[in-house]
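Written below as structure tokens is the structure these notes are about.
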Amino acid sequence: MNRREFLKRSMVVVAGMAVPAAALHLIDPKQLLAAKPELRWAFLVDAYKCVGCGFCVKACKLENEVPYEANVSRTWVERYVVKKDGEVLIDSPKAARDGFTTKKIEVGEGKFREVKDEEIEKAFFVPKLCNQCENPPCVQVCPVGATYATADGVVLVDRKWCIGCGYCIMGCPYGVRFFHPVHKTAEKCNFCYHRITKGMKSACVDACPFGARQIGNLRDPDDPVTKVIMTERVGILKEEYGTKPQVYYIGLSKEVR
Amino acid sequence: MLHGEAWTVKELFVYPNEYIYWTIQIVMYPFLTGLVAGAFVLSSLYHVFGVTKLKEIARFSLVFSFALLPCAPMPLLLHLQQPQRNLNVLMTPHFTSAIAAFGIVFLTYGMIVASELWFVYRGYFVTTARELRLKPNRTLSETFLMGLYSILVMGAWDVSHHALEQDERAVKILAAVGIPVACFLHGYAGFIFGSVKANALWMTPLMPVIFICSAVVSGIALCILTYVITMELRKLIIAWRWKENPSLPSPGELGGVETQVVTMTSRYLIMFLILAITLELLDLIFRGYTAVKSWDILRSVIYGKDFTSIFILQYGLGNLVPFILFLMPGLTVRRAVVGTVLVLFGVFMMRWNVVIGGQAFSASFAGFMHYHMPIWPHDMETFKEGLFGALMVGSIPFALFWLLSRIFPIFDLKEPH
């Protein structure tokens, strides 16, 4: 073999090795267990029923092993206080893990503000969680495909493959993503996928004493959640981003961010 | 400790999971990538467009671009939470992601620069290796260099006039191909930010173009600065050696910085600076004029929270002052040095204001976050994402440049023909 031939052949070998494994489509999550066309998970939040007790947040942290003291959470509850002069105050101290125990509203780390009862126009609570978007920006931006959407409509993170670049955190308009303090990988709510695939309800749904949180199957017309979504006036968050969220709200107010 | 908690201060309503996740290292990333691309574009001005007056700085900036190249992905690696998995990006690239192609674009560009460098220096390698081979009593370092050059030649020992001409042609082609690739490399660093629809400040199609223009500005500025500094250092070293051994050529004979090279190069710098500022201002005016939903919070960040770092440090000190310095008649080398330092600072501040400024407000549009850069590190994380991590990343290219200049001489290159 002369040098020219050698170079030629080695270039072929290098080019062959450069074909990424992803191009070969070895594993397609859609072909795995999740691919049931009759299943599409959706979440229904009734903001009228939420009292801000924070049981859902507590249950989620314990169920999904997000360190209890860490200032991040897969789900949280926001408190809105709309004043008569139009000012809106929002807070969610410790993600509302311990509920809202004081009337004072947190306005930054360690600082609180008091609002007199007579100044308040309305006040309410809004639970938040991952919207399991139909067009999820976090899946789009993940450079390694560690975040992926299953066919039944839940977005999952592969902790073994995530490189921890934080691009998905930046890409999410809802701010639901964070780095897991122990695993050092991207983390977020997955509707308790390990539970719902076994016929159970997600931890926050089970923990809610007022039925403000419900989970259901959009493809099943007899599902109580689906019935509400189909027949009542429900809202979604940040529609303008085109992410098509699958968490629906009853009693959504224009002040909700 | 949570990632981000050590340096983020929250104000008003911020979603519980929001922190400043992209810190100084992500500021360094587009800054260094920009320097690579800019230095390469400068060297191409001579090779492709035949601006012969830039001949000296062209070779210089090519070597510099090569030295900067391996440092560009370093900040990315340092900020990863799982850096040992970085190869996953090449193994399972997910092509809907703007970063997924980074490895591929980067390696392509690296190969172009490396091969161009090889063609530029091949003749020199051959002649030097041959000379050293004939030398009767070589020192250890000379033997090492001889071996290294013999390997680097890769069997192409032909230094006939024809062969060298072909080398030159190859350089020209590579430089021409390199320009779009360099622009792509950096434009797409801008795309990484510009395509994040969740971030109101980043979300603009102008981002890649703004990034390219400021990249060229910063690359040229750094080349001028380093050129002047190396020339001055060289003069000092020669003067010192000449005192020891008067038989060597005197510093006067060798000459120092060529004012003409500096003025000529700064003219190109000004050109790209105008382009960069125009686009940035266009972006700002456009946002204010269209005033979409996010404008309220953007305005309070741009004109309020970040006023000093945007208007005083970036536009004022980093753009306007050097602009005046360069355009005043009778440009001296000293003035050019001050100008380039300020330009570099301005481009750095632009990266800072994009990356940190983009995270200064919550996605709730109802609160703010402030990044307090860790100065004295107390653990690995605060080192990586703080001042010393950035300084480390920023100083490696210079060490590499020095090392490379031992192999690829930048000044005393004997013309093989």
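Count begins at 1; order follows the chain as displayed.
Glycine too: its Cβ is placed from the backbone N, Cα and C atoms.
Curation plays no part in TrEMBL annotations; they are all automatic predictions.
The transmembrane segment feature in TrEMBL is assigned to B:20-45 (among others).
Summarising the annotation, TrEMBL assigns transmembrane segment to B:57-78 (among others).
Residues or ranges marked as transmembrane segment in TrEMBL: B:98-119 (among others).
Taken from TrEMBL, the feature transmembrane segment applies to B:173-194 (among others).
What TrEMBL lists as transmembrane segment is B:206-229 (among others). With a cut-off of 8 Å between Cβ atoms, the residues of this chain six or more beyond the transmembrane segment (B:206-229) that come close are 30-31, 33-42, 57, 60-61, 64-65, 183, 186-191, 193-194, 257, 261-262, 265-266, 268-269, 272-273, 275-276, 279-280, 282-283, 333, 336-337, 339-341, 343-344, 347-348, 350, 354, 398, 401.
Sequence annotations record features per position, and here TrEMBL assigns transmembrane segment to B:268-286 (among others).
Among the features that TrEMBL reports, transmembrane segment is placed at B:307-328 (among others).
Per TrEMBL, the feature transmembrane segment maps to B:340-366 (among others).
Residues or ranges marked as transmembrane segment by TrEMBL: B:387-408 (among others).
Residues of the same chain lying 6 or more positions beyond the ends of the transmembrane segment (B:307-328) and with a Cβ under 8 Å from any Cβ of it are 266, 269-270, 273, 277, 335-336, 338-340, 342-343, 345-350, 352-353, 357. Contact counts against the transmembrane segment (B:268-286), taken as Cβ pairs under 8 Å, peak for B:340-366 among the stretches B:57-78, B:98-119, B:173-194, B:340-366.
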